[in-house]
Amino acid sequence: MKEENMQNTTEKQAFRSGFVAIIGRPNVGKSTLMNHLIGQKIAIMSDKPQTTRNKIHGVYTTNEMQIVFLDTPGIHKPQSRLGNYMNKAAENALREVEAALFLVDVAEGLGGGDRYIIEQLQKTNTPVFLVMNKIDKVEPEALLPIIVQYKDLYPFAEIIPVSALYGNNVNTLMEQLGKYIPAGPQYYPADQITDHPEQFVCAELIREKILHLTREEIPHSVAVTIEQMYKQDNDVVYIGAVVFVERDSQKGIVIGKKGQLLKQVGQEARRDIEALLGSKVFLEVWVKVKKDWRNQERVLKDLGLRQD
Ligand SMILES: Nc1nc2c(ncn2[C@@H]2O[C@H](COP(=O)(O)OP(=O)(O)OP(=O)(O)O)[C@@H](O)[C@H]2O)c(=O)[nH]1
């Protein structure tokens, strides 16, 4: 089979496909890069660390190749069962892929979190790209000493400086990455950008609004599930969502004075969901208290945070 593919390559470039993991400590810009590449808002973006809990497959398709990106949760030292889950998901993702993009924030410098990830990388043979993100925040001269620092720690397959936010050098990154993608089939139709059910993306959009609007008060203690989603007779999509918090006081914060904050969450999320689905949406959001949900394995499973 492989030989046949090779023969095809000499006549006409064979289609190539593969999986690529995006890893890096929280807040380095993994979701931003993914969104830039895929060109649509599918992975949650926030200025708070660790907002990405599930693997999201972003599918990048050109005439020559298809790359399925696994946006992994930030690898970090586990502090709760949720933390453990997130680390496992990241490790598994690493084993399944053709290459990994290790994102670092050049404005932050090399920290303990980056060293911890490099330790994890030593356990795999997957080619790793060092993607030096946020170059728009530093002077070009600052890059070389940072490259030297990282090079000493790990034999990176490629080192590429980019700005995920502004798209600088992202083309070069994709050209280099393409070299690591073997001949293979097109797994997904060209217009498909994610293989997760739409419900998951909708829940993430609602959670993103809550994180933005509540600032520091609601850190990781919030989870969102979509209980109902169906098209009504008038073609409006009905969505019923539940926001889980850990304490009564947090419930009050999420609802806000006279329900103002929850109303704003609903309005902003509805706008994004309508853009995503391309149809009118009627969104209802409830807030429920589920004590200590982060450490209850069963609840994690209910919320779809399974380890596969
Ligand atoms: N200036 C600048 N800011 C960036 C760049 N890339 C990302 N950011 C910002 O960094 C913050 C974090 O970006 P995310 O994409 O949410 O980071 P992440 O790595 O996915 O974070 P987690 O999901 O928490 O692991 C956001 O405020 C982004 O706008 C960049 O190239 N330049």
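Cβ atoms here come from the backbone N, Cα and C positions, even for glycine.
For reference, TrEMBL has these:
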DOMAIN    16-183  domain 'Era-type G'
BINDING   24-31, 71-75, 133-136  GTP binding site
REGION    24-31  region 'G1'
REGION    50-54  region 'G2'
REGION    71-74  region 'G3'
REGION    133-136  region 'G4'
DOMAIN    214-291  domain 'KH type-2'
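The domain 'Era-type G' (16-183) scores a mean pLDDT of 80 in the predicted structure. If you count neighbouring Cβ atoms within 10 Å for each of the binding-site residues N27, K30, I135, the highest count belongs to K30. Under DSSP, the residues of the domain 'KH type-2' (214-291) split into helix, strand and coil as follows: 33 helix, 27 strand, 18 coil. Packing around G24 (GTP binding site) is summarised by its Cβ count: 24 other Cβ atoms lie within 10 angstroms of its Cβ, all protein chains included. DSSP assigns K30 (GTP binding site) to a helical segment in the three-state reduction.
I135 (GTP binding site) falls within a helix when secondary structure is assigned with DSSP.
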